[in-house]
Ligand SMILES: Nc1ncnc2c1ncn2[C@@H]1O[C@H](COP(=O)(O)OP(=O)(O)OP(=O)(O)O)[C@@H](O)[C@H]1O
Ligand SMILES: [Mg+2]
């Protein structure tokens with residue numbers, strides 16, 4: 001089986017003053033896979049992700065995303081990716097429709113494309129009655145599904161999701177993961193962080209980050225076997241406990 | 001938010017224009033007349049006739065008058081020397097001594113101008129009277145009347161002078177605060193990060209962000225000008241298009257400053273504080289409330305860096321004096337230069353990556 005590498009990271013580090021937030025991490029992500037990026041709070045997941053999407057300059061190391069160097073070819077990286085931040089970041093004071101139009105416009109979609117996408121997106125998310133509501137007034141679960149869809153507007157090759165289901169109810173989480181699967185089936189690569197270990201089980205491969213370094217990286221099945229435990233939750237606890 | 005943005009500045013314009021006046025009325029005036037001549041009495045009657053002065057009383061000695069000033073009963077003392085009339089006629093020269101209570105320095109300055117204006121006006125008249133005594137020595141025609149060109153004279157209303165300046169201030173403050181808060185707000189909300197992961201160009205984003213404030217600044221100017229003309233009857237002697245032309249460049253300077261503040265702030269509080277810091281300095285050193293000429297030299301030099309200074313200067317020149325483009329070209333090009341320099345710094349310091 002030949003796997004096409006879409007993200008290749010070599011000794012990537014980020015330092016804030018004396019503090020090393022990301023310590024020389026190296027890994028690869030293959031096209032079309034769902035890659036789980038796990039780690040305790042403050043492990044450095046968000047920091048690593050920001051370097052990969054070109055909004056934070058690496059202190060050292062290399063990273064190729066969709067074939068482009070994140071240090072030198074940032075703008076091309078940005079065209080190839082979608083990003084859903086850990087913090088909800090659409091315009092609260094604009095309506096759903098206005099947000100979609102705005103972000104579609106930034107990615108250079110035409111008026112027609114935007115119109116088409118809006119209709120499709122709204123019917124998929126069953127938001128027909130809410131299109132003209134302010135985004136700020138929506139329940140969290142809806143907001144998250146909406147930002148995911150907006151991150152996919154320009155059909156990126158890779159989508160980075162930073163804790164997309166944080167604080168969301170179990171039913172919505174399930175729906176969210178159905179959306180993720182549907183997108184991965186289309187060939188989009190999913191790079192996702194989460195603190196829910198049941199979600200980690202859904203990933204093709206997961207890495208576990210501990211204090212800035214990647215301590216483990218494999219399929220959930222292999223990881224469970226390796227640590228001789230029944231669930232990803234136990235794998236995570238075993239690795240995290242080693243720190244103390 | 002939008003109604004607030006429009007209504008509050010206009011309320012300010014109405015209130016401040018009425019309050020910010022240098023006009024001083026009812027000056028408690030007294031005199032010591034050592035001459036008791038026709039000329040001295042006429043001079044005093046001039047003060048009596050002025051609406052600015054209340055004659056408290058005459059004192060027989062300077063000492064007595066000084067004592068009253070110390071108790072605060074008197075603001076100004078005019079002392080007319082012995083032989084005042086005689087010296088005027090024979091030597092065409094005489095001294096008058098004026099003492100002013102200068103505890104409030106600014107008021108004292110204004111009072112001294114009023115007093116010297118009256119004395120100057122009086123001197124002219126004496127000369128015309130003298131003319132009859134000695135026809136040969138005076139070439140001045142009888143009917144010459146110099147109208148003092150001071151802005152604080154009777155013919156020119158204070159509001160006429162203050163309204164354009166206050167309008168400048170409002171346009172500046174509003175665009176500065178709104179623009180400096182705006183991008184920081186997006187930083188706080190996280191939407192800036194979302195924008196930064198898109199392939200949008202810096203200049204596109206910045207123009208998109210600042211253009212609405214540029215328009216807003218011009219709209220506020222328009223509403224303010226309408227109020228100035230309709231409510232305060234401020235004349236517009238020059239070309240109003242010139243004011244718009246200048247303002248459209250001037251706003252770029254202010255928006256550039258706002259953007260720089262935004263770039264260097266992480267929170268709205270921080271941005272607010274920096275914007276406040278600059279606006280207080282800019283306003284107090286703009287020549288709006290205190291004439292630049294009366295500042296110490298170093299402060300005068302600092303005002304050359306102050307964009308508000310040029311706007312105040314230009315709007316007054318165009319509206320009140322009817323200045324044309326060549327009259328304002330120097331301050332105009334300085335502002336053009338600032339617009340380029342500041343926006344270059346602003347764009348340069350705006351980072352999509354950190
Ligand atoms: N701009 C910054 N300056 C200084 N330190 C930072 C900065 N950004 C992040 N850090 C630090 O780097 C460490 C890693 O942060 P990061 O946000 O990447 O963690 P995380 O794995 O995403 O955690 P969480 O699960 O809570 O989201 C933290 O200790 C954080 O305080
Ligand atoms: Mg994080």
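Don't overthink the numbers, they just go from 1 along the chain as shown.
Each Cβ is built from the backbone N, Cα and C atoms, and glycine gets one as well.
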Per TrEMBL record, range annotated transmembrane segment [choices B:161-179, B:180-198, B:294-312]: B:161-179
Interface-richest range of B:161-179, B:273-292, B:331-350 toward the transmembrane segment (B:240-261), CB pairs under 8 Å: B:331-350
Residue numbers, six or more beyond the limits of the transmembrane segment (B:161-179), whose CB comes under 8 Å of its CB atoms: 5, 9, 12-13, 16-17, 20-21, 151, 209-210, 213-214, 216-217, 220-221, 224-225, 228, 232, 234, 247, 251, 254-255, 257-259, 262, 272, 275, 278-279, 282-283, 286, 288, 307-308, 311-312, 315-316, 319-320
